[in-house]
Structures are given as C-alpha cells and as structure tokens.
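Worksheet: one structure, shown below.
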C-alpha cells in the first residue's frame, strides 16, 4: 500500500485540535450550567461554615485554598450566598470580621458565570474612602483571583494619571477612591462604564457621608441603573435618602452582630482615663516609655498635631521606632510608612483618621486615642485596628473632664463597653520644659506647634456635638504651655458650616476653586526687574519644617471675606483680626500711595464703595482698605514701615532705670524745688563751682604739659652733652706739636666730593663734541666757591686766616 499523503495527515491534526477546543468549550459551558444550577438551588439561610460547601468555580476555590482561606466568618456565611444570587446587600459587622472577602468572592463568581472577558469592559467597581484601604482590597483581590483571567486595576490619587488612562479601558475589575474615579470619568475618553454589573462600597457610611457626597453623586450618574449593589461597613447607614441615591432594589440587610451585647469585638479590652488637656502629652510620653516592646497606634484630630507630636517626641528619643501618617503626605511616603509599620514588631505610629477604617495592621497591641473622636462610630472604627480576627487587643481613650459625660452617653447608646482607669502620677513624665527648650532653639518647631494648637482649637470649635465639644471649657492657655509655646496664639473664631462638611470636604476641589477664583480676580502681573535684594528676600530654608514656618510668618496672606465664607481648612482666618466698618465716600486717605502713577482709574472707583476693610495692629491708627491701592499697600514692606510707630530712644541712669532723652517737669514739680530766684541763685552757684573745678583741671593739665616739655628738653640737652664729650677739644699748641695737625685732621671739600662721588652712580660716557674743559667748568659750578692756597701757611696768622676761610 502507498503511504498516506502529508496533506491528509495535517488536515487530520487540525481537525483534532478543533475537536479538542470544541470539547473544552462544551465542558466549560456544562460546568457553568451546573454552577448556575447549584447557585439557584443554594439555600441562603442555611448555615455554611466552609468555602468548600459553597457553589464556587474552580479558579476561585483554588485561589482561596492557596491563600489559606477555608472557614467562613459570620458575615461571610450570611452575605456570600445572598450575593451569589445577585441580591443587593447592606452588610454590617464588627471590625476585623472579614467583610472584604464577603464582597470579593461574589464579584469574581458573578463575572465568571457571565463569561466576562476583556472585550466586555468594566464589570465590577469597588470604591473605598482611603488610598490605604483601596490598596489593601486590591492585594486581597490579587491573592484570591490569581487563577482567574480577569484584568484588575487600582485607581487612586498620587499616581501617574497618564499611565492609568492608557490601561483603564482594558480593566474588568477596578478598586478606586471616589476623587480619582470621578476624574477619569470626566477626562478619560476610552473609559466606559455602560456594562457595569456590580458596584461595591466598602465603609459605605463614610463614602455616603457629606465629605464624599458630591463625588459619589457624580459617579452614580454615570453608572447604569441595572446593576447589583453591595454596601459593607462596621457602622452601616440605614438612611432612606442614602439608599434611594444608590437605587437599591429590595436590599438584604445582613447584620450578624446586631443582637450582640457589644458593638466591638469581645476580645478587645477598652478603657478610658480622664486626663486634662495640658497633661495629655506627658501621659502619652510616659505610656510609650512603659511599652517599648509593643505595637501602638496613636490617633489625633489633625495632621498638624501629628506632625508636631512626631517631630517633638522624635527628638526626645523614647526608645521605640516612631512613624507618622496623615493625608497631606505623598503617596510614596504613605505606602512606605504603611509597609514599615505592618512589618515591624514594635513601633509607634501617630496618625489621623485616614487609617481608622478598614486597614489591617497585623498584631497591633494598643490603640491610643489622644483626642476625643467626633462620634461613637469613629471610636468603633479606631479601636477596630486591634483585636482583629479573634485576637486580643487593648484600647485607651484620653478624655478631658469636659468631654467625659457626653462621650460616655454616646458610647453607651452604641453598646460599647468601656471601663474607667486611673493613671498613677509616677507613671507620667513631665516633658514641658524640654518642649519649651526645643521650641526656643528651633523657631520652625515653635511655629509648627502654633499651627497644631490652632488646628486642634479649630477642630473642637467646628464639632457639631456641643455637649461633648465646648471650646470654652477647654484650658487652651495650659495646652499652649504644655506643648512648649510661650503663650496661646490669638484665635478669632468665625461661624462655619457643618463640622463634617467642612472637615471632610475634598481638598483638591477646594484648592482648585480657590485657584480659579484667584486667577479670575487677579490680573496677570507685568514683567518687572528683579534685583538681588528681591532674590535675597525670596530665599527660604529647605528644612523639613520650612513650609510651616513660612506660612505662619507670611505677611502677604490674601485677605478673606469676613462673612464666614472663607475656606474652613485654612488657618489664616483664625490668626487675623478683621472687621467691617462703613467708610465715607469722600475718604481720601491715599496720601502714601500718590506716587503710584501706573494704577488704573478703576482704583478710585473702588474707593467710593459703601464698605471697607479695617485692619488693626499694624500701626497706631487702624488702616482702612477701601481701594486697590490700599490692598497693594499691604504687600509692600517698605510702605508699611512708614505707617508703623517709630521707636522712642531711652537713656539709662547709673541704677539702670530708663528715662526719656528730654524729660519736662510740670509746674508743681518746679515749685516744689523753690522759687525762681532761689533756683536761679542755686544754678549760678552750681555753675560757678563747676567752672572752678574745670579751671583747676585745666591748670593741672597745663602744668603737666609744661613738666613734660621740660623733661623732654633736659633729655635732649643730656644727649648733646654726651656728644660733646666725644668731640675734639681745641687747646693751645705747644712748641713740640705740629701746628698743621689740627687743620690736617679737618676734612677738605675735595674729600667730601670724593665721598659723595662714591655714592653717586657712574658718569655717563662723553659725547663726541664734549672735552675735559667742559667737565671741569661743570664741576666747578657745582662745587661753588673754592679756596685756593697758593703757598703753604707758615705762621700762626696764616693758619687762622685759612681756618676762618674754611669755616665761612
């Protein structure tokens, strides 16, 4: 027989592959039909303890087993069966009860049963209030969904927007925060949510709160109405308005611990202690020093308090690693700090409520609430960072005496068992003097302390529950002294909006609106010449606290409205003194700024307005800001110096008492010293005595000068006498002596010329027209008169005549 052809064999192979694909597709469809049938037959009210008892797909079961999830918690056993059937769910359970898996497993299963692929677009959207919680949910999703073929993405702020845009259109499951999700819905053209099947809100009561109200409403407008919605939180909302906004259809309320005697885990030991506000830092430092081998979370009201306490205690070196986390940090820093605290065995982290919800830090021993939480729900979420998954944990709440009664009522209403403890005085450590020393040596730390003080006072003032938070019952002066400040900063409180609306408003939206309004109002500045002095004043220190320092001492802060409409997140409102007074239309107080010739005519129009702003404290008289010229005046340090009071010069007497340079007496003091004639006579006597003393001093000075001159003359004469002793003496010549000996000893003019000639430079060479006679005439002219002796002197008269000629 002839061998079979090669073409026929290839056709058989390709046909076998097609048959294998077809069989696999049929097998998958059969499995899906069985799975769907099992889900339909599932009894949602049945008690299920293990994941293996649920009708789950193979990839999900493998992912759960690989992640070591085998047993269901209470909330999972009740919520997962309902979610698999496609029901809308309102889930409420204690912190650390496994709510994350209760919605992630149904998300994977429902998309798997619908054969969801990359081409189908976005199938599930999971929204969390904070970035850290979104990252944690995404990591759990990656673990249990590792065997699925879905594409999942994490959309949070602080990351590259362009990279997210490029990948967003291919995602099947998204974990996000509200702000960044809304930004992509408005700006990313390739992002489509029309096929969305499931919407999950983790920590739903926080997301539906007024802080995210605008963002969530805008997101819901983009989403389709036909979808499955699940809400999970430890403190679930039941407001009809919130549920109507989400378009829930016959939602199932799952509250496994609603009938429990406590809203917190039973393994959590909860205590509170009454500590006056000025003593809180001392108590906290003593507590940290006593628990160096523990893992501690300390909650505070604001990020500025977190910064100040961290920077202060870091210098004191308590003996345990310190970390701090707040919402104003960069995303990379927040991730780094979160991972460090999670992996550490013993450390202390100072944080705001940004870590109060959902985050799962392993093995947290203590949760310390340095500041009173705004409500009982916030307290429950804060203490939920410890005692998770049945483990033991401890929590301590520091309460001011004015906060004790009201807060205990709120906790009792929420079924929170808490016991009072007393702190021994010897367990606290007084760090007041050390903080004062640090603030004195480091001005930037002092200004950061002022910002922390203002931020805390503002947070108390803006709280809605006045039964707990009353700014008048708090010792602000003592608190300022306890954090090292020389005195309490002056704060002018203004009426603000609702506390949560102000506190939880998105900062990005506030900043963008402020920038837009500034750009509309302020015209573009002209290009001006910048001198070296301008650059010198624009320099700033690049320190870790330089930003806080510059904000506290900035004198060119833009003025804000005084009707309470300014941004409540800014602290400058509380540090400035402003009021509104009527100003006459004919006010002409612009004398200082008449040299500004390049101002427009609309400045004068603005000056005729019915109202003006009055600023006190800069000069002796209040400054009325009723025109644009006056507003520009506030930005010029040179012009403000003209308005400030000039200093007065003082002189100090021998005892150190200050006096004015010119002090005038009144009439009574003058008469007390006597009549005018008596004072005149007394003045003349004093002046005469002063003149006599001055004469004596002058005479003594003259005598001293004469004596000094006489001593100098005597010294000079004595020096001359010494020279004369060395000179030659003239005596009568005897018969044996040569009469020419004296004259021969005297120097002759020729010798002097020879001596001088030795010191002079060499003569220049003669020219061709010069001869010796010319040289001799020049020498004779220079030497002057020369005595020529024709014959040698023989008698004494001849010698005397020769000597007289030489001497003359």
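Residue positions begin at 1 at the first shown residue.
Just so you know, glycine gets a Cβ as well, placed from its N, Cα and C.
Record features, source Swiss-Prot:
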{"type": "REGION", "residues": "1-20", "note": "region 'Disordered'"}
{"type": "MOTIF", "residues": "49-77", "note": "motif 'Q motif'"}
{"type": "DOMAIN", "residues": "80-254", "note": "domain 'Helicase ATP-binding'"}
{"type": "BINDING", "residues": "93, 94, 95, 96, 97, 98, 99, 100", "note": "ATP binding site"}
{"type": "MOTIF", "residues": "202-205", "note": "motif 'DEAD box'"}
{"type": "DOMAIN", "residues": "280-439", "note": "domain 'Helicase C-terminal'"}
{"type": "REGION", "residues": "491-535", "note": "region 'Disordered'"}
{"type": "COMPBIAS", "residues": "519-535", "note": "compositional bias 'Basic and acidic residues'"}
{"type": "REGION", "residues": "555-620", "note": "region 'Disordered'"}
{"type": "COMPBIAS", "residues": "564-573", "note": "compositional bias 'Acidic residues'"}
{"type": "COMPBIAS", "residues": "584-605", "note": "compositional bias 'Acidic residues'"}
{"type": "REGION", "residues": "654-795", "note": "region 'Disordered'"}
{"type": "COMPBIAS", "residues": "670-705", "note": "compositional bias 'Basic and acidic residues'"}
{"type": "COMPBIAS", "residues": "720-739", "note": "compositional bias 'Acidic residues'"}
{"type": "COMPBIAS", "residues": "767-778", "note": "compositional bias 'Basic and acidic residues'"}
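Features recorded in Swiss-Prot, as mapped to the structure shown.
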residue : record           : Cβ contacts under 8 Å, 6 or more apart
95      : ATP binding site : 234, 264, 265, 380, 381, 383, 384, 385, 388
96      : ATP binding site : 265, 360, 384, 387, 388, 389
98      : ATP binding site : 72, 73, 75, 76, 389
99      : ATP binding site : 75, 91, 93, 202, 232, 233, 234
100     : ATP binding site : 136, 137, 140, 202, 358
Helix-strand-coil residue split for the motif 'DEAD box' (202-205), DSSP-based:
2 helix, 1 strand, 1 coil
Neighbourhood of the ATP site (93, 94, 95, 96, 97, 98, 99, 100): other residues with Cβ within 8 Å of the Cβ centroid, in order?
73, 75, 234, 388
Just counting, how many other CB atoms are there within 10 A of the CB of residue 94 (ATP binding site)?
24
Cβ neighbour count within 10 Å of residue 97 (ATP binding site):
23
Need the DSSP three-state call for residue 97 (ATP binding site) to compare against my parser.
coil
For the motif 'Q motif' (49-77), residues assigned helix / strand / coil by DSSP:
16 helix, 2 strand, 11 coil
Reported in the order helix, strand, coil, what are the DSSP residue counts of the compositional bias 'Basic and acidic residues' (670-705)?
33 helix, 0 strand, 3 coil
